[in-house]
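Undergrad: Below is one structure. I have some questions about it.
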Amino acid sequence: MATWNASQSIFNSMSNIIENPHSKSHPVMASNGESLFIPVTMEVPCDNQGTRMWWAFLASSMVTFFGGLFIILVWRTFKYLWTVCCHCGGKNKDAQKVVNAASSQVTDGDYKQTDDKEETAAPGVVEVGWMTSVKDWAGVMISAQTLTGRVLVVTVFALSIGALMIYFIDSSNPIETCQNFYKDFTLQIDMAFNIFFLLYFGLRFIAANDKLWFWLEVNSVVDFFTVPPVFVSVYLNRSWLGLRFLRALRLIQFSEILQFLNILKTSNSIKLVNLCSIFISTWLTAAGFIHLVENSGDPWRNFENSQDLSYWECVYLLMVTMSTVGYGDVYAKTTLGRLFMVFFILGGLAMFASYVPEIIELIGNRKKYGGSYSAVSGRKHIVVCGHITLESVSNFLKDFLHKDRDDVNVEIVFLHNISPNLELEALFKRHFTQVEFYQGSVLNPHDLARVKIESADACLILANKYCADPDAEDASNIMRVISIKNYHPKIRIITQMLQYHNKAHLLNIPSWNWKEGDDAICLAELKLGFIAQSCLAQGLSTMLANLFSMRSFIKIEEDTWQKYYLEGVSNEMYTEYLSSAFVGLSFPAVCELCFVKLKLLMIAIEFKSEKGESRIIINPGNHVKIKEGTLGFFIASDAKEVKRAFFYCKACHDDITDPKRIKKCACKRLIYFEDEQPSALSPKKKQRNGGMRQSPNSSPNMMRHDPLLMTGNDQIDNMDSSSVKRYDSTGMFHWCPAKELDKVLLTRSEAAMTVLSGHVVVCIFGDMTSALIGVRNLVMPLRASNFHYHELKHIVFVGSLDYLKREWETLHNFPKVSILPGTPLSRADLRAVNINLCDMCVILSANQNNIDDTSLQDKECILASLNIKSMQFDDSIGLLQANSQGFTPPGMERSSPDNSPVHGVARQASITTGANIPIITELVNDSNVQFLDQDDDDDPDTELYLTQPFACGTAFAVSVLDSLMSATYFNDNILTLIRTLVTGGATPELEALIAEENALRGGYSTPQTLANRDRCRVAQLALYDGPFADLGDGGCYGDLYCKALKTYNMLCFGIYRLRDAHLSTPSQCTKRYVITNPPYEFELVPTDLIFCLMQFDHNASQSRASLSHSSHSSHSSSKKSSSVTSILHTASANRQNRVKARDSRDKQKTNRMGQAEKKWYTDETENTYPRNIQIKPMSTHMANQINQYKSTSSLIPPIREVEDEC
């Protein structure tokens, strides 16, 4: 009975064990009260005996692996033996053929011929066996070079990851369980995956060239230990987790898969993915092995020392082991697990110590700005590349995003191959709503795709203005243009160029089209052009630079010169379409209406010819009538003001006196016009009026005069003999046959004997190694054909002969050019060229960019400028020499009642100090401007445009041209207008010609070329006497503007005023500053010089050469030493004589303005001067001397009537 009870107890315990499979050992109470422990495993047995079948699964893999390896080795052994045997037999046969060769040749010649033919034909016929065909087909199927191969490789990888996921799911179950294949869904999916793996294994085996190495590959081993156990599972209705974790080794191929999909392209990304995949696959595989042995136990201990660990706990254990942390909360208990950890900790620690830092380094070095631009719907974007630095970007953004541009709905994308520094990065963050930065190169099509260059509105290329090799910098930018145009030919490109001669290379790009908006801003051309215009009208460079730069209005309450200067600085240049109310009016009438009524200054229009070609005309005169859709060029303080010209309606706004109330009205014609014409301030690629961009200068259909119908004196003056070439082939510049350098060289004695006066002295620093600055761009505006030959100022270069020899090739076709070899720092050389008698002294340097220290880049120019200002002169010796030789210098005629308006008093007085010499100095570093004037109080941190030398027009820096990039983008006509004003008439046709020959070509005078002379030029007029003398003392600028426009077709646009003119006490200072576009009520003073656009005068004859020349260079001769007190008395008397006239004029001012508002649109011809008016511009220095030393008020008038000589 006791035995039966014990048996019953054991049976009940076994039943409990079956019901609770996770228990490891179960105590059974015997009848005597003792506990009996029966060791059992945690796996659920498929029968009551608890039989384990793990060995069957492992045996299937081992038999497959070693069986296949044995077969391969046996096959290769037999193949090797067969090859050796056949090779030996082949040698015996070859020897036999050699012995019988002679007899075969003699006895059987025909047979030999047949064999030769067969042997010859045999190499051409290659029979491919079916095994080779199958092998090739299998290779194609698994090759990633074909679409089928890529699909198959990606599919196998995806299924391998899927099989690994199934393993992760099954790892929560016991290691070995009984499962019915028809009921277990995961087993069915795993079976399907492994069937696919088996087929893929077969393809790989067939395609393998070396079967042995293929059998030992990692992927093959993975298949051996994962595929056969699945089939065993179906047969035994059991599932053994086993070595299925080896599927994690497939992750090593992850980088290859991404490369097949063209996702990974860079070496860093491939290396990063490789390191991560190797690390993770090793980690997961090792965790799977620990999970297997720890949950199974040691076989030789009957699996008694197993422990229940989940797979993810094993992953955690391996990580803390590799990192040598080892918390001890989870550890291996089995002998197999501990033995594995001993070896793994060595390799795992090495891998962790090498892989993890490298992965972190790759992630850290990964491009922070390596993404792609995402275009925003309804918002344009531009790409800016090239020289991206804090200075260039800040200057560009300051002007591009200026508030005066209204709402700029354009996003700026910067592309550069170097990541920004902290300062530049902070600048980008401050403008993060409109600015994005990406690291890359425009020479890489992939990077161009990243910034969406094909959808960009334009691409702007910035140049390094301070580079040591300008030609290399231009070559880099040209390569950028080529790359961008090659990627997207339709993109609009605006690029900066340093050298003028390099612009020709852009014409070699097939898709470069300036008519579609492509522009090249040549900094050397514009910089020297600005300086050249300052030689004709000092201060003009400052005015033009301020016009295309966006400056905010700075209000100053004190009555200082800065107040009036800054009021003018706030003006910019804009374009807008003219209202239909202006149609039919002449250009002067529209200008007067806009100035008086709309408070706008219009200086030019875009005229559309009958052929549909559009061209820009500056102050064309009263013969041009405004047409529908005419584009006007305005000077105003912001874009909203310019809209008045577009909204103006005579019916609705005729009685409005406040221009701010002129807004869009409800007239049907205005609405129609607005719909037809887009906004003038919107960025564009093509002309707004539908026409193509054309040369802005020549317009034979709009000439006021026919040059061939001039009088004989005019023909002599213009020197337009059809048999002599006096102008270049375009008629835009004076030309002469090429001269040898020796013929223009001057020694000191020759220069002193020449007694130069009214000339331009160009002091230039350079040597054989200096980069050429292209002084042709300085000479061309001074040789424009809208000057008469006798009006051309002589140009004298003072500098190194070695450097000027290199520049002479581009200068030898210009008249009146001389060279004095020497140095600008030599006072002897400066005195030899009579620098005290020059109209302008220009100081340039070609060595500025060769110095690393920015503070020393301008040392030569600053030293030369200070050297000249400190010189002292006594001109009496020069005058005595001239008189003793029986002549006087040009503009120095002896006094006589006939030729001297000063009535017996010498016209000019000598310059006793170099501080009164007009100088303009080129600077590279803006902060160096503080060293030019020792008597100013400019702070070193003051912006260039706020400094006194720049405001006075005595300093010019190339940095002011940065604003042209954004100005050109918003309106490419602005660049055309600026180039027309400063270059003297350079056209795209002329640039193409220079690109061919690198020199101007002379041409015969024809009606077409002579017609090109009829264009405006900039001049300065004095108010001390002449037709405008009544307005010079307390008159209004608006009255002067209207009178000059209606009477002489002259367009005034600014004032050059003495710095201390606002002071009530007299001052000895002769410095002047620029006032741009003063208001109508601005009060004038007698010493003011007026900037104006002057019409070309065909009637200026040679008989007037002396007077005209003296008016240009009148400051260049000697001064009388009359006392300042007598001068002041005389000036006071003259001023008192004008008080009554001014009072009466002030009383009638309101009535006149009211009448003018109703008469500006009628082309009145009454009270106008006849057309034969000779315009006499006044030089700046002459006006300064007259202001200090004049004894009477009747001096040479700037404008006077020419007597009828007939």
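Every residue number used here counts from 1 along the chain in the order it is shown.
Every residue gets a Cβ built from N, Cα and C, even glycine.
Features from TrEMBL:
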- 692-701: compositional bias 'Polar residues' (COMPBIAS)
- 1105-1126: compositional bias 'Low complexity' (COMPBIAS)
- 1127-1136: compositional bias 'Polar residues' (COMPBIAS)
- 1140-1159: compositional bias 'Basic and acidic residues' (COMPBIAS)
- 379-521: domain 'RCK N-terminal' (DOMAIN)
- 757-901: domain 'RCK N-terminal' (DOMAIN)
- 679-710: region 'Disordered' (REGION)
- 1105-1159: region 'Disordered' (REGION)
- 53-75: transmembrane segment (TRANSMEM)
- 151-169: transmembrane segment (TRANSMEM)
- 189-207: transmembrane segment (TRANSMEM)
- 272-293: transmembrane segment (TRANSMEM)
- 309-327: transmembrane segment (TRANSMEM)
- 339-357: transmembrane segment (TRANSMEM)
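A description of the local structural setting of each listed feature is requested, covering burial, neighbours and distances.
TA: In the domain 'RCK N-terminal' (379-521), the DSSP tally of helix, strand and coil residues is 60 helix, 32 strand, 51 coil.
Sequence-distant contacts of the transmembrane segment (53-75) (same chain, six or more residues past either end, CB-CB distance under 8 Å): 175-176, 211-212, 215-216, 221, 224-225, 228-229, 231-233, 236, 238, 240, 242-243, 296.
Using a Cβ-Cβ cut-off under 8 Å and counting only residues 6 or more beyond its ends in the same chain, the transmembrane segment (151-169) has close neighbours at 141-142, 144, 186, 189-190, 193-194, 196-197, 200, 226, 241, 244-245, 247-248, 250-251, 253-254, 256-257, 260-261, 284, 288, 311.
Long-range neighbours of the transmembrane segment (189-207) within the same chain, counting only residues 6 or more positions beyond its ends whose Cβ lies under 8 Å from a Cβ of the stretch, are 134-135, 138-139, 141-142, 152, 155-156, 159-160, 162-163, 166, 181, 214, 219-220, 223, 226-227, 230-231, 234.
When Cβ-Cβ distances below 8 Å are used as the criterion, the transmembrane segment (309-327) is approached by residues 168, 171-172, 283-284, 286-288, 290-291, 294-295, 341, 344-345, 348-349, 351-352 of the same chain, each at least six residues removed from its ends.
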Undergrad: Along the domain 'RCK N-terminal' (379-521), what average pLDDT does this model show?
TA: 91
Undergrad: What else in the chain is close to the transmembrane segment (339-357), if you only count residues 6 or more beyond its ends and a Cβ gap under 8 Å?
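TA: For the transmembrane segment (339-357), the nonlocal Cβ contacts are 275, 278-279, 282, 286, 289-290, 293, 318, 321-324, 332.
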